[in-house]
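Enquirer: Straight from Swiss-Prot, here's the annotation block:
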SIGNAL    1-22  signal peptide
BINDING   H38, E192  Zn(2+) binding site
DISULFID  C71-C183  disulfide bond
DISULFID  C200-C208  disulfide bond
Amino acid sequence: MGQVFLLMPVLLVSCFLSQGAAIENQRLFNIAVSRVQHLHLLAQKMFNDFDGTLLPDERRQLNKIFLLDFCNSDSIVSPVDKHETQKSSVLKLLHISFRLIESWEYPSQTLIISNSLMVRNANQISEKLSDLKVGINLLITGSQDGVLSLDDNDSQQLPPYGNYYQNLGGDGNVRRNYELLACFKKDMHKVETYLTVAKCRKSLEANCTL
């Protein structure tokens, strides 16, 4: 009986520590989701602002090219649809999110074009990407889902953006900015989806469907 009473304080402390860790983990998820939502909205605004400067024929042509082309970050293996996203582990979603954010650290600096509003946005984006990367890394470190086995594709470095755009023609600057902004918007939407699903899983909500 004495041993039981001795164990009770230990169990209570352990329970409080576990609850504290869960609360802190949820706080970090809330911050990460909020920041990527802001980045996604910012990316959407920047793309819409740039798209609004294009002539109708120019817009249609660039949209056709983008649909046939690919983003630099497409080499990062990620879920192809909602079903695969929901089947992925929390740790896998965090790792993919980290890779996607990391892939934009350099390209985000080249989003600066003539519009002064976009200059301010681009500077803001670089800082927010860096903060979000740190936050996701903390979530990965604190994840209890086990060890993720990364395949060979995950360990490969992305091709540099300089090579990605080196073959563009005379209208390269317009196409380059269009593709950068469109890809950035697409990737921020991916990260927002992955972090939202991961956060829901960690909060033990009954329904985490997309």
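Just so it is clear, glycine is given a Cβ too, placed from its N, Cα and C backbone atoms.
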Enquirer: Fewest other C-beta atoms within 10 angstroms of its own C-beta: which of the disulfide-bonded residues C71, C183, C200, C208 fits that?
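Expert: Counting other Cβ atoms within 10 Å of each of the disulfide-bonded residues C71, C183, C200, C208, the minimum falls on C208.
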Enquirer: Let's check the environment of H38 (Zn(2+) binding site): how many other CB atoms sit within 10 Å of its CB?
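Expert: I count 16 other Cβ atoms within 10 Å of it.
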Enquirer: Non-local Cβ contacts of E192 (Zn(2+) binding site) (under 8 Å, 6 or more apart, same chain)?
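Expert: In sequence order, V33, V36, Q37, L39, H40 meet the Cβ cut-off.
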Enquirer: Measuring Cα to Cα, how many Å separate H38 (Zn(2+) binding site) from C208 (disulfide bond)?
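Expert: That separation, Cα to Cα, works out to 21 Å.
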